[in-house]
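Going by TrEMBL, these are the annotated features:
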DOMAIN    1-103  domain 'VOC'
BINDING   GLU33, HIS51, GLU99  Zn(2+) binding site
ACT_SITE  GLU99  active site, proton donor/acceptor
Amino acid sequence: LGMKLLRTSENPEYKYSLAFVGYGPETEEAVIELTYNWGVDKYELGTAYGHIALSVDNAAEACEKIRQNGGNVTREAGPVKGGTTVIAFVEDPDGYKIELIEEKDAGRGLGN
């Protein structure tokens with residue numbers, strides 16, 4: 001999806017590692033923090049988490065790239081029901097949902 005690894009952090013005392021990814025410098029762009037807890041083999045999907053959404057230039061192309069790299073596309077790119085905003089859904093390796101919203105539509109809201 002074009003994100004770059006911005007920095008990492010290790011915490012041996014509490015046995016976790018952090019990775020910060022984003023599209024540009026943390027001072028200018030949004031950043032996602034990913035946590036790896038050492039020695040944890042499996043996480044349970046929580047009930048309070050729905051999904052995150054990321055804007056992409058082209059949802060269909062992003063789905064194809066994700067699929068080519070072994071990813072799971074759960075909803076192909078297309079307009080949201082009752083609107084014109086183009087979205088798609090994929091899952092990360094742990095089964096968490098990620099919504100892809102085409103860039104031209106990202107700021108309009110899903111009802112448009």
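Glycine too: its Cβ is placed from the backbone N, Cα and C atoms.
What you see is a predicted model, and the numbers here were worked out from it, not measured in a lab.
Cβ crowding, taken as the number of other Cβ atoms within 10 Å, peaks at GLU99 among the binding-site residues GLU33, GLU99. When other Cβ atoms within 10 Å of the Cβ of HIS51 (Zn(2+) binding site) are tallied across all protein chains shown, the result is 12. For the domain 'VOC' (1-103), the number of residues in each DSSP class (helix H, G, I; strand E, B; coil) is 11 helix, 48 strand, 44 coil. Mean pLDDT, taken over the domain 'VOC' (1-103), works out to 89 on the 0 to 100 scale.
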